[in-house]
């Protein structure tokens with residue numbers, strides 16, 4: 001039996017439509033138009049594509065977008081000065097610095113310079129900390145997008161065994177906090193985890209984000225599990241694949257996200273939701 005596909009494109013379009021309707025209502029109520037500032041440093045082709053996708057989503061939602069494309073040679077001081085200006089600009093609701101930054105720049109210092117109420121990526125330690133103490137403000141986009149997908153497909157994590165493979169600051173750690181908030185019993189696996197196959201085999205809900213093509217094998221997966229593949233990897237032939245061996249996994253899982261078309265669209269939809277939320281925080 002083949003798994004039901006979890007369609008992130010479809011769910012994300014509904015969420016974007018809801019944001020667009022909320023933005024239109026704000027205009028009727030004479031509230032300011034939400035505004036997202038996106039900063040891109042250097043010429044990384046993948047980053048340029050991601051930034052373009054975010055601009056397109058802003059247009060669909062009626063969110064104003066400002067774009068700052070800086071040369072590879074930009075210094076730490078110059079980048080921090082731009083963040084300071086955007087923090088001080090009352091018209092800007094959200095600030096996004098596209099990662100990865102060139103190697104000579106300190107990404108963590110830049111992320112921590114963004115005002116937490118404008119941190120629409122949800123990466124600032126303040127926002128991760130609020131999520132940890134069950135008081136979320138700006139929630140990291142990919143983990144929150146995963147939770148939205150689960151909700152859309154009627155999957156309640158409460159009481160389930162959830163296993164997160166990968167412990168990055170962007171996906172794995174905040175994903176574990178999101179699942180904990182939803183009252184799942186959460187295990188996080190990382191490079192020092194022993195018996196990874198056993199951990200995966202016990203998962204009712206499996207979320208994988210390690211950036212290694214086909215890392216999790218289909219035969220490891222518990223029959224009837226829900227599999228969320230956050231990975232997106234480009235192979236030598238130009239095709240995209242996730243971190244889970246899709247063809248074998250779909251024969252065991254009850255539901256699974258495809259790559260592409262699963263989690264990716266949800267990340268951008270959540271970014272738009274966060275920008276709208278930031279605008280509402282700035283209304284007062």
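Using the three backbone atoms N, Cα and C, a Cβ is placed for every residue, glycine included.
According to Swiss-Prot, the NADP(+) binding site annotation covers 166, 167, 168, 191, 232, on the basis of sequence analysis. Counting only same-chain residues at least 6 apart in sequence, those with a Cβ under 8 Å from the Cβ of residue 167 (NADP(+) binding site) are 173, 176, 188, 189, 190.
Across the residues annotated as binding NADP(+) (166, 167, 168, 191, 232), the two Cα atoms farthest apart lie 19 Å from each other. Annotation for the binding-site residues 168, 191: lowest Cβ count within 10 Å of the residue's own Cβ, 191. Note on residue 232 (NADP(+) binding site): other Cβ atoms within 10 Å of its Cβ, all shown chains, come to 18.
Other Cβ atoms within 10 Å of the Cβ of residue 166 (NADP(+) binding site) number 24 in total over all chains.
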